[in-house]
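TrEMBL has this to say about the protein:
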type     : residues                               : note
TRANSMEM : 7-32                                   : transmembrane segment
DISULFID : Cys44-Cys53                            : disulfide bond
TRANSMEM : 110-129                                : transmembrane segment
TRANSMEM : 141-165                                : transmembrane segment
TRANSMEM : 185-209                                : transmembrane segment
BINDING  : Ser195, Asn227, Leu292, Asp295, Ser296 : Na(+) binding site
TRANSMEM : 221-246                                : transmembrane segment
TRANSMEM : 280-312                                : transmembrane segment
TRANSMEM : 324-342                                : transmembrane segment
TRANSMEM : 362-379                                : transmembrane segment
TRANSMEM : 400-418                                : transmembrane segment
TRANSMEM : 438-460                                : transmembrane segment
Amino acid sequence: SKAGLGFASMVIVFFCNTYYIMVLAWGFYYLIKSFSSTLPWSTCDNEWNTPSCIEIFHHQDCKNGSLANTTVGNSNMTCADLADARSPIIEFWEHKVLNISSGLDEPGKLNWELMLCLMAVWVLVYFCVWKGVKSTGKIVYFTATFPYVVLIILLVRGVTLPGAYDGIMYYIKPDWSKLEEAQVWIDAGTQIFFSYAIGLGALTALGSYNRFNNDCYKDAFVLALINSGTSFFAGFVVFSILGFMAAEQGVDISQVAESGPGLAFIAYPKAVSLMPVAPLWAALFFFMLLLLGLDSQFVGVEGFVTGILDLIPGKHYHRYKREIAVAICCLLCFIIDLSMVTQGGMYVFQLFDYYSASGMTLLWQAFWECIVVAWVYGADRFMDDVARMIGYRPFPWMKWCWSFITPCVCIGIFLFHLVNYKPLTYNNVYVYPWWGEVIGWCLALSSMLCIPTTVLYKLFRARGTFKERWAHLTSPVWGAHHLEYMAPDVKALSPLSPGTDDNKVIIFESVM
């Protein structure tokens, strides 16, 4: 079953690598477009704009005016037209960047500008990952720390804007009644899985480069704290700017808060276009977005390639084995990605996002990981192994988590997901056709079915009675490099040297 889990996480991480790179391609496209004296998404006089485009919404004029046909500002629009008016950033996103078609069944033509951006990003990823963790580690020192600098600069800028206070208060003051809704818990659970990269096998791959006696128990806490801390801090940056936008447009904050790609590619660029020296802030923001995304992409590709190379037996040695594996992986993903730079590409992207690496697949994966570790392998046995590595026994609470708490939470949220399943829509308007949903479920099941299929296959291939087969399949296989450390006395291991710089690199990479 361990092999089944491995295959499942490889499938999920492959899909993730495939569609996640699109966020980087869009970010790169925006970054290039930021280098102009006026931002292309701040005006309505471009070729892709429609007559209903309006730069400044004068909502307050309409609230004061009693007549519906009062003209607004210097545009020839009446207050009645204002309801249908569209902001130039939305038009830039939908008509220029995505050039979106009417549905999944209309792929349309390739957007060559986006395709070049996609190619550039993949080439960048390739040359950062091809030599392995050592070289990626050095690059990550920059790509992991620089976004914090940008976040601080953007926070200082955001807090000094009018309306920022309201935005931050909206962020900090919770609405307790929401805790009764199942959906909130589902979203929270899914978010944690995503942001900690649980069930993707990427952390396992990075961890495999650590020394045997590395304190992985401490790393797990550090990882969780830095990760959630960064998210919490970034929330202040985002909401101070959303508060400014809401004040600027005269609407409530809940109406400007977007989720998904909308926040990075609609809400933030719009806010930036309202500031003085707009191109500078735009370039800074998209540069940060690109760096943050590249980190996640490195880890995903690294995890996938490590898994593939571990499957290839050692006797098939080739000098450039790693470089070739990374190249094949990148090329394959790039070919699949071409479907996402067409006019119907956004629909394909959402299909991947909603099904292939969604909360469902990750929760299913985590549930079985816990079952295998705690019940098949044995939680006590696992605790002993960890103690051998780090020189002391972890808190017993960990064992209860693996055995009962985590599996119950995972299966609970998983069942909630199934019961509350809603078919995928785009912008709450376009409903996917039945065959689109079938493709989505195929993507989801391709990873979920790996686990039961592998278990049945292995049991079927083994010899003896069912009990003998099970005993044979669940006995651990130790490598020679493990046996060196199998000291009978755990206490003797404690004075070993603390972590080195390599270990810090790996924590850094995992966090991002």
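Residue 1 is the first one shown; counting continues down the chain.
Glycine too: its Cβ is placed from the backbone N, Cα and C atoms.
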### Summary
Here the binding-site residues are Ser195, Asn227, Leu292, Asp295, and the Cα closest to that of Cys53 (disulfide bond) is found at Leu292
### Summary
Cβ neighbour count (10 Å, all chains) around Ser195 (Na(+) binding site) is 15
#### Entry: Nearest-integer angstrom distance between the alpha carbons (Cα) of Ser296 (Na(+) binding site) and Cys44 (disulfide bond)
35
### Task
Establish whether the number of Cβ pairs under 8 Å between the transmembrane segment (324-342) and the transmembrane segment (110-129) reaches at least three, counting only pairs separated by 6 or more residues.
yes
### Query
Considering the binding-site residues Asn227, Ser296, which residue's Cβ sits among the greatest number of other Cβ atoms within 10 Å?
Ser296
### Query
What's the CA to CA span in angstrom from Asn227 (Na(+) binding site) over to Cys44 (disulfide bond)?
39
### Highest-contact recorded stretch vs the transmembrane segment (141-165), from 110-129, 185-209, 221-246, 280-312, CB pairs under 8 Å
221-246
### Query
Which number gives the other C-beta atoms within 10 angstroms of the C-beta of Cys53 (disulfide bond), all protein chains shown included?
21
### Task
Determine the Cβ neighbour count for Asp295 (Na(+) binding site): the number of other Cβ atoms within 10 Å of its Cβ.
22
#### Entry: Residue from Ser195, Leu292, Asp295 whose C-alpha is spatially nearest that of Cys44 (disulfide bond), among the binding-site residues
Leu292
### Message
Out of 110-129, 185-209, 280-312, 438-460, what stretch is closest in contact terms to the transmembrane segment (400-418), meaning most Cβ pairs under 8 angstroms?
### Response
185-209
### Message
Tell me if the transmembrane segment (280-312) touches the transmembrane segment (110-129). I count contact as 3 or more CB pairs below 8 A, with pairs 6 or more residues apart.
### Response
yes
### Task
Sort out the residues at least 6 away from either end of the transmembrane segment (438-460), same chain, that have Cβ-Cβ distances under 8 Å to it, and list them.
1, 3-5, 7-9, 11-12, 15, 351-352, 354-356, 358, 360-361, 364-365, 368, 424, 432, 466, 469-470, 473
#### Entry: Other parts of the chain folded back onto the transmembrane segment (362-379), taken as Cβ under 8 Å at six or more residues beyond its ends
1-2, 4-5, 8-9, 12, 189-190, 193-194, 198-200, 399, 402-403, 406-407, 410-411, 413-414, 417, 447-448, 451, 474, 476
### Query
For the recorded positions listed here, Cys44, Leu292, which shows the highest count of neighbouring CB atoms within 10 A?
Leu292
